[in-house]
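Look at TrEMBL and you will find 19-220 tagged as domain 'MARVEL'. The feature transmembrane segment is assigned by TrEMBL to 20-42, 100-122, 134-155, 193-216.
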Amino acid sequence: MFFSRLVSVMAEGGLNVSVFKYPLGFIRVIQFVFLVIALAAANSWHADVTYVCVDPTTNTTKPPIQAKTTTFSMASHQLETCDGGKSTFWTDGAGGAAGFFYFTAVVTLIFVLIVTFSYVVLWQIYSNDKRIPLADLAVTALLFVFWFFCTSIWWSAANGIGGQTSEEHVKAIIAGAPEKWGSFVGVSANNGMLTISVLSGWVLVATLALNSWFIWKEVVPRSESAPTQIA
C-alpha cells in the first residue's frame, strides 16, 4: 500500500523545494552542513612526534624519527623505537568516545538525508499520514539525546587528547624512557580540528532540540497543511 502511494506520488512530480524557505526544511540543511563539518574535522586530526636516537655502537645521532598517528585509540597505537622495534607511546586514548561520535554522526546523516527526501519528494504522503511526522519527531528527539551525550563525552575526550599530545606530556614520556625514545625534538597536533568537531556537535544538539519543538508545535497538529503554509 505504501509503496504504491510512493510510486504514484513520485510519478506526479512536483518537488516541494519551497519547504527550504521554512524552518522545517531549512533546519535540516543546517544539520547536514554541521554533520559534514563534524565528521571532516574529526577525520582530519593527526599528531606527529619527532625524536632522535643515538646509535649505541658508534655513539652517533641517527636521523630523526617522525612518528605519526591518526587514530584516537592512542593507547594501542605503537611508534617506532630507537632499537628498530615498535612500542606503545601513549597510555590513554579516546577510541570509545570517537566510535560513539562517528556512529551518531553517520546515523544522523542518513536520517537527515531520508527525511529531507520525504519533505521534498513525498510531502503529500508525509502531510497526510500523521504517523510519519510523529515518527520524524520521535527519531529527531532520540538523536537529540544521543548527540547531547556523545558531544559531552567527545568534549571530554578531545580535552584528554590535547593533554596527551601537549609538548610537556610528550617530553615527559620521552624523558622517562630515553633508551627507547632517544631525545625530544618536537610534537605537532592539529587539535583545533577536535575543537571544531565538538562545536559542531553542540550546534547539532541545539538544532535537533529546536527541530523537535518545531515538529511538535507546527507539523503534527497541522499535518494537513501544505509546506508553504508552515512558518
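A Cβ is built for glycine as well, from the same backbone N, Cα and C atoms used for every other residue.
Keep in mind that TrEMBL annotations are predicted by a computer and have not been checked by a curator.
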Statement: Within the same chain, the residues 6 or more beyond the ends of the transmembrane segment (20-42) and with Cβ under 8 Å of it are 98, 101-102, 105-106, 108-109, 112-113, 115-116, 119-120, 193-194, 196-197, 200-201, 203-204, 207-208, 210-211, 214-215, 218-219, 227-228, 230-231
Query: Going along the chain, which residues at least six beyond the ends of the transmembrane segment (100-122) come within the CB cut-off of under 8 Å?
result: 6, 9-10, 15-17, 19, 24-25, 28-29, 31-32, 35-36, 38-39, 42, 132, 136, 139, 143, 146-147, 150-151, 153-154, 197, 201, 204, 227
Message: Can you tell me which parts of the same chain pack against the transmembrane segment (134-155), counting only residues 6+ beyond its ends and a CB-CB cutoff under 8 A?
response: 94, 97-98, 100-101, 104, 107-108, 111, 115, 118, 126, 197-198, 201-202, 204-205, 208-209, 211-212, 215-216, 219-220
